[in-house]
């Protein structure tokens, strides 16, 4: 108490000392406010970058619900159709699978593209987020909705499908082991296939789908044909190039692979990671390449009139009778 009294009395006695104390207190308050403003600014920027405002958007939640329902319907119809193709008495039933994939994918794309963008797969959602078509917040909700939708679709399939067929085809899941592991595909090989086939779909289908000018030129129907066709092509390549009976073909949709793995597990978990890692590696590579694609299509060279025809080039280079037209314009 004595120390406090003596200190206060010295402050009152020395005006300069009192001003120094007040200055220190004001500086300390300013520093606290600056740190608080800085933290608030960083938090605000982060929330703005991920599009956190969409968490409070009813339209986004309606779109997520649509994604979930569409994914469930897609899983049900696609898986049942593929199993029907494989269980047919055709000489090579696997060749029917790409056609089924093309038709069903086209029908669902033509319906869902105007509503949600027609993702129904974490692959399309991830590349859309990388390209800035959707926010990270919407992408995270979409992926969750797609996984839930896949689980719901396969729950319906499990309830409707007879047990022998479910065991024979692993409920239509993404497997690389086969029954007993006799015809299994090595995870590294499956990873390469998943990466390559997903990249083909992205390069052929997504390049067109995310090009506003070409979308207007082709129209919604033709864009959906191109995307669905690229998916059918990828499935065809994957099931024919390996020749392994135990390989169910390229996944192209990690959510589709997750549903059966959660419901029946077992051999479906062997190498399950390749159906996630492969597509996301393909998306990352495609994003890097797409940033360097030509922004304007390559047409006729400057000047037109086919002045770079090989005969004209030979005459201009070795004839010497007349100068090359493009050189005349530059001189």
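Heads up, the Cβ atoms here are built off N, Cα and C, so glycines get one too.
TrEMBL tags one of the stretches 95-116, 161-182, 293-314 as transmembrane segment, and that stretch is 95-116. Across the candidate stretches 136-157, 191-211, 218-239, 270-289, the maximum count of CB pairs under 8 A to the transmembrane segment (95-116) is reached by 218-239. The largest share of C-beta pairs under 8 angstroms with the transmembrane segment (191-211) comes from 218-239, of the ranges 136-157, 218-239, 270-289.
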